[in-house]
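Colleague: What TrEMBL shows for this protein is this:
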type	residues	note
DOMAIN	B:15-202	domain 'ABC transmembrane type-1'
TRANSMEM	B:20-41	transmembrane segment
TRANSMEM	B:53-74	transmembrane segment
TRANSMEM	B:80-99	transmembrane segment
TRANSMEM	B:157-175	transmembrane segment
TRANSMEM	B:181-202	transmembrane segment
């Protein structure tokens, strides 16, 4: 039993929590970039441009239906074969952004479809261009409704960064593996610490999503 | 193409294990998830609390942590292979999401249905099983379908614990053939064979449900 508590040394905990910084960093950068790319893809799908929109929609469906782990491995191990090599941190960010943009595009499209048609017509009738209507009238309303689902996606991103331990990114889960590699008695305590940290972070985010949901309703 | 020919049986074996893990986890998580959803809508405070804690914990921690827990800690006490550990973790993780879908389905059903059934002499469980759940599942089907797609994608977690699934075999083939690019493309196609038709079917069901509403 004393072995159990021995795992909680300052050095070990410090090392683990240092991984939390990378976990949060990857998730935050990815969600911001995905929001940008996802919005573009979502708007393209929403605008129903002949052929182009359905082509983008199909590609989007394909990306959404692939395992993220496969995309992470592909970006890190297969792309260098084509001469496209990224450092591990940015490789993870690229893989996550690629996958998450497809997820967020669906949310953006759904958010746009939920905006009343009258808003478009009113803005156009008042002399705004298509682009202006989108930027100033429709998107702000759509984004407001999208905040809770976007936070849910951020939660999955935080959880999914643990997959990057498969390509040896030194985020929290990978650091956990390093710690219990010293002593197999540390396995349970380390996993417990990871569970608590991930839970607090994600549960906090889910409460935030709920709060927005109530305020915006 | 030669790569596909050469390793076809390996890919097929991985595909089989991925399907098997997904199906076992699906059945298990449907049963568990429904049970926890019912617990969350009962009048018993204890049952509600247990149901809530279960769902919140499993929804908010990475699947990989659950998998490693079973593979490294539980497997020391009860012997199990990576495939078993991964499938159990997959089942527990997915059941939390299924519980949320089913609970939303139950809550969307008019409470009068339950009251009417109870007034006609059915017990809580009878009313749940015969009257409420069949209606709740009809509402929940699109979201359950999405959970199943996620389950298939998440089954790639088995690769972390030597679970013999598609992703695991793909990594082996990539390592021995040195053609990582082609290998992963083939793996991607195998995954899409399962998930893409499912996703289009779910979209179809969603539009059908919207038309009815």
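Using the three backbone atoms N, Cα and C, a Cβ is placed for every residue, glycine included.
Predicted automatically and left uncurated, TrEMBL annotations should be read as such.
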Colleague: What residues elsewhere in the chain lie close to the transmembrane segment (B:157-175), defined as a C-beta under 8 angstroms and at least 6 residues from its ends?
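Modeller: Here the qualifying positions are 3, 7, 10-11, 13-15, 17-18, 21, 63-64, 67-68, 71, 81-83, 85-87, 89-90, 183-184, 186-187, 190-191.
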Colleague: Count the CB pairs under 8 A between the transmembrane segment (B:53-74) and each of B:20-41, B:80-99, B:181-202, then give me the winner.
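Modeller: By Cβ pairs under 8 Å, B:80-99 leads among B:20-41, B:80-99, B:181-202.
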Colleague: Looking only at residues six or more beyond either end of the transmembrane segment (B:181-202), which have a C-beta under 8 A from one in the stretch?
Modeller: 3-4, 7, 11, 14-15, 18-19, 22, 142, 145-146, 148-149, 152-153, 156, 166-167, 170, 173-174
